[in-house]
Every structure is written in structure tokens, then in C-alpha cells.
Amino acid sequence: MEPRQSWAALAAGGVAGVCVDLILFPLDTVKTRLQSPQGFWKAGGFRGIYAGVPSTAIGSFPNAAAFFITYENVKSALPHGSASYLTPVTHMVAASFGEVVACLIRVPSEVVKQRAQVSPSASTFRILSHTLYHEGIQGLYRGYKSTVLREIPFSLVQFPLWEALKDLWSWKQGHVVDSWQSAVCGAFAGGFAAAVTTPLDVAKTRIMLAKAGSATASGNVLAALGGIWRTQGLSGLFAGVVPRMAAISLGGFIFLGTYEKTRELLL
């Protein structure tokens, strides 16, 4: 991959990440509060809907930039054969690598953001200081494994589906899709991926919000899923699925559409 293409992927990914995270922050807050152990209203209800936004504003650009520069470089480095059945595998592998790298930036931002979302009276800086004082750096990375285990399946569904929908639309109309068409494909792919990975998202949220030293805080995803199933059943595993699908469908439209358009302008 040429340096110019790498820089374009980095910048376009960063711009796309900031746009989608800030626009859809209220929906994300509602989703987090629906998934929190204390319940929606005790977690803040509709009050302080932008609680935790500084953490997101700081983390969005480097997080999305890291994902896309990794995704594009791995995709271009993998063998490009004529066999069409290998194409989704290429996208899956590239997306998985992208998520592992991006989560190194995303998880600390997500931990602070989610704690602020369920404690709207506390400032982002106070939550960051409290976490570092009581749990150290590892406290900011609590839920790293559960986040990666959520993001990789999500990307394994979203990105091959996004690329396949773009290819299908391009074939139907006889030319490469425009950025708005790529955005529509991103919305469908994101919404579907969001629905099927919601239980993993609920487990990740519970792990990040659990009290330090508790069994859930240990980060065991299967144990967290089992606990939710025993206490709340299927409805607990899919808590927040509607705002999550709405946010990620709209987010897929904005994120992937903005990425394609910005990258197109930079190249």
C-alpha cells in the first residue's frame, strides 16, 4: 500500500469516527443505561445524555484512524487471487486485525465514557482519576478481551457484508458505487451485525461497569453471559438491541459513507 493511500485511510477513518461518535452519542448513552446492572432509570434515564462525551471526543479520531489504516494495509498485503470466495476471508482477516489494534485506543475511552454515562453527576476527569487511583492502568483496560470478542464477530459480519453489498450494487448499475450508496450498504451491514452481536455488547458493558474486585469485573465473557441469562433471560441478553441497531445502522451510514467520501477527496 502506497504512503499516500495509508495517510488517506488514516485521515478518512479519523474524520469518519469523530462524525459518527459525536452525532450518535445520545443513542449510545441510552443503550448503555439500558444495559447497566442498576437499570435504565437508576443509571440516569434521559438526564445528562451527553455525559462522557469528552472521552469519546478525544478517543474517536485515533481509534477509527488506527482501525482503517490497519484494515487497508492488511487487506492490500494479503494475496489477491482470482477466486471470489477468498475475498470475504480477506476482509474478515483485515477487519479482525484492525479491531485488535483499534481496541488498544478504544477500550480506555469506552471505560471512562460508559462510567460517566451511568454516573452523569461525575465529570469525565473525575472518573478517569478515580479509575487510575483505585485500579491503575489495568482498570482502563478492563473489558479489553470482551471488547475484542465483541468487535471481531461484529466486523466479521459487517465488513464482508458491506463489501459484498457494494460489489453487488456496482455490478447491478455497471459502475463503482458512489459514496452515498456505500453509506446505504454500510447502514444495512451495520444494523444486521449489531443485532447478532448484542449479547456480547451487553456482556462487555456489564464487565466495564462492574465493581472492582467483583466476579464480573474479572472479564470472563462466558460467565457474564451466563449470569445475565440466569437473572434476566433472553431479554437481558438483548437489552438495548433497538437503540444499538438504530445507532449502528445510522452510524454505518455516516461512518462508512464519510470514510469513502473523505478518502475519495484525499486520493
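The backbone N, Cα and C atoms fix where each Cβ goes, and this holds for glycine too.
Taken through DSSP, the repeat 'Solcar' (4-77) splits into 56 helix, 0 strand, 18 coil. Residues annotated as repeat 'Solcar' in TrEMBL: 4-77 (among others).
Nonlocal intrachain contacts for the transmembrane segment (6-27), taken as residues 6+ away from its ends with a CB within less than 8 angstroms of a stretch CB, comprise 49-50, 53, 56-57, 60-69, 71-73, 243, 246-247, 250-251, 254-256, 258-260, 262-263, 266-267. Per TrEMBL, transmembrane segment is recorded for 6-27 (among others).
Under the heading transmembrane segment, TrEMBL lists 48-69 (among others). Sequence-distant contacts of the transmembrane segment (48-69) (same chain, at least 6 residues past either end, Cβ-Cβ under 8 Å): 6, 9-18, 21-22, 25-26, 29-30, 98-99, 101-102, 104-106, 108-110, 112-117, 119-121, 124-125, 127-128, 255, 259.
What TrEMBL records for 86-168 (among others) is repeat 'Solcar'. For the repeat 'Solcar' (86-168), the predicted model reports an average pLDDT of 88.
Look at TrEMBL and you will find 89-107 (among others) tagged as transmembrane segment.
According to TrEMBL, the feature repeat 'Solcar' maps to 177-265 (among others).
Non-local neighbours of the transmembrane segment (209-229) in the same chain are 36-37, 114-115, 118, 134-135, 139, 142-146, 149, 199-200, 202-203, 236-237; each lies 6+ residues outside the stretch with a CB under 8 Å from one of its CB atoms. Annotation source TrEMBL lists transmembrane segment at 209-229 (among others).
According to TrEMBL, the feature transmembrane segment maps to 241-259 (among others).
Note: the repeat 'Solcar' (177-265) comprises 75 helix, 0 strand, 14 coil (DSSP; helix = H, G, I, strand = E, B). Helix first, then strand, then coil: DSSP counts for the repeat 'Solcar' (86-168) stand at 73 helix, 0 strand, 10 coil.
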